[in-house]
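Annotated S-adenosyl-L-methionine binding site per TrEMBL: Asn39, Leu41, Gly66, Glu88, Asp114, Asn144, in sequence order. If you look up TrEMBL, you'll see 46-237 marked as domain 'Ribosomal RNA adenine methylase transferase N-terminal'. Residues or ranges marked as region 'Disordered' by TrEMBL: 335-354.
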Amino acid sequence: FCLMAAPGKVAAFRLPPLPTIGEIIKLFRLKALKQLSQNFLLDLRLTDKIVKQAGELKNAHVCEVGPGPGGITRSILSAGVEQLLLIEKDARFIPGLQMLSEAAPGKVRIVHGDILTYKMEKAFPKHLKKNWDDEPPDIHIIGNLPFSVSTPLIIKWLENVSKRDGPFIYGRTQMTLTFQKEVGERLTANPGSSQRSRLSVMAQHLCTVENCFIIPGQAFVPKPEVDVAVVHFTPLVQPKIQQPFELVEKVVRSVFQFRRKYCFRGIETLFPENGRLKRTEQLMMTADVDPTLRPFQLSMSQFRNLCNAYREMCDEDPGLFVFNYREELRQKKMTRSVLESTGQPEQIEEENQL
């Protein structure tokens, strides 16, 4: 319901008196499941702080991922949102969320489903759509994610950003999400940092990524072994690497495959064994990248050059992009085991030397 406002002021939304999150957990006999890496955040001051990082939510449309017992949900509703979509996989939490829905009539829609498969293209009204070049739409994604889901989910959403589909069909939808502290540090790590990784490059070439603040582990129930980072994402108008997501992901993954070695060692894995050295040298010369740099030392512009040069090589040789280094290793291993089983030591020795 809405409290009466002073003349000339808009009424502020207030939830009616409700059981505390702790009482909800007791009432519905909820227990965090370790196998689902669930951790409850009971301190409403911290949930308010998370929601504040999302920006101005008054009259906005929000999707909360994995609301659980509803701590962050209360803070989102208190921010005066127009509509709140809750996507919860664990059926045990639905009754407690329905209680919140009844306390905010017409504002909450609950979906019992998996965010990894839920079709976000139809999650919000069409009139909220904005052009990609415009300011971000009045749509936000917020979530205290289970650790087991956070990394695959952000990779999926980064691919959606690249293709401008999923929740980004509406424009540059902003996200405020929790991660293990270490993952949060990787997402925001600069070149040269020991935390610089595949995730750093994939996130930063598509979004402005901000590590907002750290929540100590003891704030959660049960207490995780690590602290938690709150990270905010705003998709960029122009990605820093203008190549298809799959190509960028393949190049970046290959470079970081041997993160402690020189970067050319990982880049070699982009090419079949026949002509590997020559093609690796060609790629690195075209991209103007020092082969003795470590993967974490490469700048975004150097990754862009590598992706552009690799794209040119793939255009010249259409079969190159589908080459799989691990599959090549698997085939070699099978061949060697066949040779060993048939007792052909000369060929085995030749293979070893190769």
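Keep in mind that glycine also has a Cβ here, set from the backbone N, Cα and C atoms.
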Check your understanding: Once near-sequence residues are set aside, which residues in the chain of Asp114 (S-adenosyl-L-methionine binding site), 6 or more away, have Cβ atoms under 8 Å from its Cβ?
Key -> Lys89
Point to revise | Site with most surrounding Cβ atoms, counting all protein chains shown within 10 Å, from the binding-site residues Asn39, Asn144 | key: Asn144
**Study point:** All-chain count of other Cβ atoms within 10 Å of Leu41 (S-adenosyl-L-methionine binding site)
**Key:** 21
Exercise for review: Please report the number of other Cβ atoms within 10 Å of the Cβ of Glu88 (S-adenosyl-L-methionine binding site).
Suggested key: 23
Revision key, fill the gap. Among Asn39, Leu41, Gly66, Glu88, Asp114, Asn144, which the record lists as binding S-adenosyl-L-methionine, the farthest-apart pair of C-alpha atoms sits at a distance in angstrom of 21
Revision key, fill the gap. Listed in sequence order, the residues of the same chain lying six or more positions from Gly66 (S-adenosyl-L-methionine binding site) whose CB sits under 8 Å from its CB are Ile87, Glu88, Lys89, Ile115, Gly143, Asn144, Leu145, Pro146, Val149
Review point. Can you give the mean pLDDT for the domain 'Ribosomal RNA adenine methylase transferase N-terminal' (46-237), rounded to a whole number?
Key: 95
